[in-house]
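Reading through the structure tokens given below for one structure.
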Amino acid sequence: MISVENQATVSENAIPKDASDGFVVPESNAFGQSFRDYESTVRLSIVENTYRLNHINQTYDFVKRTREEYAKLNKAEMSIWEAIELLDSFVDESDPDLEEPQIQHLLQSAEAIRKDYPNEDWMHLTALIHDVGKVLYHSKFGSLPQWAVVGDTHPVGCAFDESIVYHKYFKENPDYNNPTYNTELGVYSEGCGLENVLMSWGHDDYMYMVAKANGTTLPSAALFTIRYHSFYPMHTEGAYKYLMNEEDRENLKWVLTFNKYDLYSKSNVHIDVEKVKPYYESLIKKYFPEKLKW
């Protein structure tokens with residue numbers, strides 16, 4: 001196993017770029033519509049139902065119990081690339097912008113970052129693996145329903161911020177009227193740090209746990225990005241920032257940089273998997289052991 005003591009650091013020359021710098025944001029998504037349009041997407045019924053089930057079922061107790069189960073990492077043992085291949089036919093039911101298999105989304109975002117940050121290979125790999133946690137949906141990993149795998153994430157154990165997509169469905173969540181969980185701070189304290197906050201369960205937190213437990217040498221900015229890239233209420237709407245500490249605020253800069261590549265690189269133009277595979281396999285070998293426990 002790779003030693004955590006050899007964890008990479010972000011180079012001094014790697015500066016997070018503003019949204020207007022470097023990457024060109026396209027005018028429309030793969031369907032010719034605005035990005036993250038949850039009111040008129042052509043996938044409206046599928047997307048809304050996924051969030052409805054997510055918001056009803058993602059309780060503090062469910063997340064705590066599920067996270068403890070998957071933290072055992074006893075579901076499978078395989079390489080990163082083997083896990084990626086399991087997503088070859090997986091389509092994210094929470095995504096209003098794309099209905100392509102996830103392996104294409106991973107490569108599209110990784111190649112877009114690779115173009116703008118050619119010398120920061122840790123960013124290329126972060127983009128490649130950021131959604132690999134969606135293997136939770138696969139039979140090898142327990143076939144979790146998509147509402148427990150995909151979608152924007154949010155804290156549980158405190159009030160559900162109104163900026164969360166399809167907020168109305170939280171009224172059916174048992175925690176919504178629970179005085180232990182429905183205040184601004186809930187079970188947390190101001191500035192406690194996101195490390196101490198329980199997030200809704202899904203691919204983000206799972207991939208973070210897998211990477212960390214298997215001794216990846218990716219820098220902390222990469223692990224933070226993997227863990228919170230779907231936390232849109234925070235990095236897009238500014239919600240829940242009172243829970244963050246100074247380290248969170250520093251790493252947030254990289255999530256904001258990564259986010260535009262994750263979101264706006266989605267298209268129907270396929271990446272040639274076999275052409276780019278050798279490069280990404282070399283990065284996997286650099287930052288991960290050959291086989292990982294999942």
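Cβ from N, Cα, C; glycine included.
A TrEMBL annotation is a machine prediction, not a hand-curated record.
Copied from TrEMBL, the annotated features are:
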- ARG36, ASP92, GLU93, SER94, LYS134, GLY151, ASP152, HIS229, SER230: substrate binding site (BINDING)
- HIS105, HIS130, ASP131, HIS203, HIS229, ASP262: Fe cation binding site (BINDING)
- SER40: phosphoserine (MOD_RES)
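Note on ASP262 (Fe cation binding site): other Cβ atoms within 10 Å of its Cβ, all shown chains, come to 23. For ASP131 (Fe cation binding site) paired with SER230 (substrate binding site), the C-alpha to C-alpha distance reads 10 Å. Take the Cα of HIS203 (Fe cation binding site) and measure to each of the binding-site residues GLU93, LYS134, ASP152, SER230: the nearest one is LYS134. Of the candidate binding-site residues, HIS105, HIS229, ASP262, the one lying closest to GLU93 (substrate binding site) when CA atoms are compared is HIS105.
Between the CA atoms of HIS130 (Fe cation binding site) and SER230 (substrate binding site) there is a gap of 10 Å, rounded to the nearest whole number. Apart from the site residues HIS105, HIS130, ASP131, HIS203, HIS229, ASP262, the chain places the Cβ of LEU106, SER109, ALA127, LYS134, ASP204, ILE226, SER230 no farther than 8 Å from the centroid of the site's Cβ atoms, the recorded Fe cation location. When the binding-site residues GLU93, ASP131 are scored by other C-beta atoms within 10 Å, ASP131 scores highest. Geometry remark: ASP262 (Fe cation binding site) versus LYS134 (substrate binding site), CA distance 15 Å.
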